[in-house]
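Marked as Cu cation A1 binding site by Swiss-Prot on the basis of similarity to another entry: His159, Cys194, Cys198, Met205. Sequence annotations record features per position, and here Swiss-Prot assigns Cu cation A2 binding site to Cys194, Glu196, Cys198, His202. Positions annotated as Mg(2+) binding site by Swiss-Prot: Glu196. Annotation comment: Swiss-Prot describes 1-25, 83-225 as topological domain 'Mitochondrial intermembrane', evidence class sequence analysis. The topological domain 'Mitochondrial matrix' annotation in Swiss-Prot covers 48-62 and is backed by sequence analysis. According to Swiss-Prot, the transmembrane segment annotation covers 26-47, 63-82.
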Amino acid sequence: MSTWMMFMFQESNSFYADNLVSFHNLVMMIIIMISTLTIYIIFDLFMNKFSNLFLLKNHNIEIIWTIVPIVILLIICFPSLKILYLIDEIINPFFSIKSIGHQWYWSYEYPEFNNIEFDSYMLNYSNLNQFRLLETDNRMIIPMKIPMRLITTSTDVIHSWTVPSLGIKVDAVPGRINQLNLISKRPGIFFGQCSEICGMNHSFMPIMVESTSFKFFLNWINKQN
């Protein structure tokens, strides 16, 4: 989760988040290199007292500054498309979880497990042992290293189910069902919040995901039944 004075991404807890962080590092490296070169050229032009008044055109330079940006854009394009398709493609999920947005709480359903369902409300943050505006009364429990499908929709306005450390952000739109892959690579508790302004209490509908071992997950399922 995010902490004070944290300027980078949260620690990634899924393979999709790993890919997104790597892609971000690649793009940032390219941006820094281009920005440094541009600043150097501008500074050099201002400091240089010499100028060539007879240089009106140069085909070699024009070819270079046309080809180089194309190559850079392709370097950015291919990893981006790969990550988008990896996140969007649903391949043999072990089971599905439904996430339903309401004003202003989330509901979760496990249709393959005797249709387990429950609501998840934000807890009162008067307890100092809790994270302010992030703790919920019921957590979404998932097994780690198991591919799942997250299905989300809304009953009223547009919400957005977002857990940054899992690399997930999907809109919950009324009358529409969106889906994407969900997988956690380690046990832990991951926090998120609705990321679509949805009304007065938009800031008070947190998301709390607990990733556990498969054995513990089955025990939790049995207790719910």
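Every residue, even glycine, has its Cβ placed from backbone N, Cα and C.
Since the structure is predicted, the reported quantities are computational estimates derived from the model, not experimental observations.
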Query: Quick one: what's DSSP say for Met205 (Cu cation A1 binding site), helix, strand or coil?
result: coil
- prompt: To the nearest whole angstrom, what is the C-alpha distance linking Glu196 (Cu cation A2 binding site) and His159 (Cu cation A1 binding site)?
  reply: 5
- request: Please classify the secondary structure at Cys198 (Cu cation A1 binding site) using three-state DSSP.
  value: coil
- line: Simplified to three states, DSSP reports His159 (Cu cation A1 binding site) as strand
- prompt: Which residues in the same chain, at least 6 apart in sequence, have a Cβ under 8 Å from the Cβ of Cys194 (Cu cation A1 binding site)?
  reply: Gly101, Trp104, His159, Ser160, Trp161, Thr162, His202, Met205, Pro206, Ile207
Task: Sort out the residues at least 6 away from either end of the transmembrane segment (26-47), same chain, that have Cβ-Cβ distances under 8 Å to it, and list them.
output: 72, 75-76, 79
Query: Could you count the residues of the topological domain 'Mitochondrial matrix' (48-62) that DSSP puts in helix, in strand and in coil?
result: 4 helix, 0 strand, 11 coil
Same chain, 6+ residues apart, C-beta under 8 Å of the C-beta of Cys198 (Cu cation A1 binding site), given in sequence order: Gly101, Gln103, Trp104, Asp156, Val157, Ile158, His159, Met205
Statement: Neighbour count check, CB within 10 A, over binding-site residues His159, His202; minimum at His202
